[in-house]
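The structure under discussion appears below in the form of structure tokens.
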Amino acid sequence: MHKVPSCPLLVVLPPGASVPGGAPSATLRRPSSSLFVLHRRSSLIFSRMFDSTNARWGLFIAAHPVAHILISLFLVSVLSVHLINLRIEYDIRASFSPKNSKAMREESVYEQFFNLSTSPLRSFVLFSARDGGSMLRETHLREVLSLDAEVNEQMERRDSLTGMRGCDPLCSLNGPFHVVANALLAPNQSHQSANSAPLVLNYPIATYLDTELFLGGHVLGVQTANHSFTNNNSRIVSAKKIILWYFNRADTVETKMRLRKLTLKLFNEAQVEGDRLRSVKFEVFGDDIANSEMIRGAIQATILMSIGFVLLLLFVTLVIFRLLATSAVPLLSVLCVVLISILCPLLSSLAAFGLCTWMGNPLYTIMCVTPFLIAGVGVDDAFIMLQSWQHHRTIECPRRRLSFVMVHVGPSITITSLTNTIAFGIGFFTPTPQMSLFCLCTSIAVFIDYLLTFTLLCPVVVLLSSPPPAHVHLQLNLNRRPLASSDKFPSPPLTAPPVPAPVPPSPPSWVHRYALFLHSVNGQMMALFVAAILYTIGISGVLRLKSSFEPSKAFPSDSPLSSSINSLSEVFEEFFPVHVFVNRPPNISNASEYAEFNAMVSQLEALPESWGARRTLLWLRHFEQFDRRADHFWRSMGFGRHQQYLGQSANH
């Protein structure tokens, strides 16, 4: 490597101009502050080191362009080969819940309690009358039961591998509704008195054969009266909605696919007005439906972004053709530069996907945005580099020309690329898995694209470059100083190339007037005022910002799930089940343990968000009532241990 020549830095100032600070160019003053001098010297040293590194790197790239191209393609291929193990995560629950989160901990307890090897698939169907009336009418109940029977027929099938029903162990989730609906449809229900009828319909607790049934989880929007109606022995005036809950195991592919086909079939039928049920409209919600709609949204976004990518390709072709037109570059070379400018971001995205897969991470649907995002960043860097390449077209030697280009655009491309890399890298620490991996993958892709801009695009431009036309070369070098012997190739440049002869001033444009205004005192004061307003608004908004999750935002805007979220919200505002699993049940023969257990349940029922004891589903209370009645019966017959039971019940 040749020694860097000592070339003076030539700065051309118009007559009467002054340097920053207002001092005339002929009377520059040395700053008196030692701190300022130290800062200026350190900045100058760093700038020279950075420029020298870029200059020598440019010389090295231009000296070995083919090697850089081959090494870049080889490394990208090595990173991308891991895509053969690509695994796409379609489960929306896994996309939003970290592995060590409370939600996943609760899911683990749920699986352990029901002896499940994997998370089950849940779904539910919400029914409402088309005329807005009550859902407890005979025609409406029969339509609900017919659809429910079809769903249960599929879910109660036994798996060929495990031999278990798909709905085990929660096949009776809708049992209370079945009892009430069948009792209401019984032919003799309306002809029996209140004392002899098996069903006494009230809300939220109905009584069937002296057994209490909780209806709050199935019948919603209920209006009740203060007295019972004689025709059906009910206090319910109307019920606007009926919801049925379904549980399905996901142990085997057979069971999962059976439920998936069923729920998607019902979901599509629900969108056709009056096609399936005449009097009732229904909405289907479920894990498979949410996953399907999320995938459909990703496909739609990819299609739209592909259209934008085609427009970007046309724009890049036009801009690069105009940039290289003055250099008499063949059309084939222009198209090759366009291809490489677009190929660099795509290759970097491919390598980032492969690297993330190699680290054992799945890919989420949101990551389909990454290639298009990197394309915007990469094309911007390519424009900057090509613009500088054309700006230095008076330099005949490609090695020296690329060296000047690297010194010129290296800081700009480096700062923007590293800023984006760090910004997305910080997003990796977000708790949401899909956002964390999206930020990590994008950060890696931005950094790889930064490297490919210099190791792939620059060598291609050097190989395709040609010397400028003779008339352009002559016109741009009329006022160029002759090169000294020490200034010949390949010395790395640390100063700007010679400045062409001054061009006669043209009439000031609006851009020129705007620039003058920004440099004036009034412009600076206005900029400071606008910045203060923006920062004030931004800080106040951030301080009032509240984190929330809108489920409808996870689906396309035209998805039926988005419009049905309001109906679902109304249901969950009235009834939202919370499961409490007791891993160490109390010994009901021990009075103190049983008292502690009842105290814990009472505390949960006393929470402000709880409906109280009437809506708590605890089988032990019903068992205790049954045991009391049985004990009283046997005591009336002269059997049983009367004194011992009374003592325990007093403690209970």
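Cβ atoms are placed via backbone N, Cα and C, with glycine included.
These figures come from a predicted structure and were not determined experimentally.
Record features, source TrEMBL:
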type: DOMAIN; residues: 301-463; note: domain 'SSD'
type: TRANSMEM; residues: 57-84; note: transmembrane segment
type: TRANSMEM; residues: 303-325; note: transmembrane segment
type: TRANSMEM; residues: 331-356; note: transmembrane segment
type: TRANSMEM; residues: 363-386; note: transmembrane segment
type: TRANSMEM; residues: 406-430; note: transmembrane segment
type: TRANSMEM; residues: 437-464; note: transmembrane segment
type: TRANSMEM; residues: 525-543; note: transmembrane segment
- Item | Sequence-remote partners of the transmembrane segment (57-84) [C-beta within less than 8 Å, at least six residues beyond its ends] | 1, 347-348, 350-355, 357-358, 398-407, 448, 451-452, 454-456, 458-460, 462-463, 490, 492
- Note on the structure: Counting only residues at least 6 beyond its ends, the same-chain positions whose CB falls under 8 A of a CB in the transmembrane segment (525-543) are 518
- What mean pLDDT does the predicted model reach across the domain 'SSD' (301-463)? 86
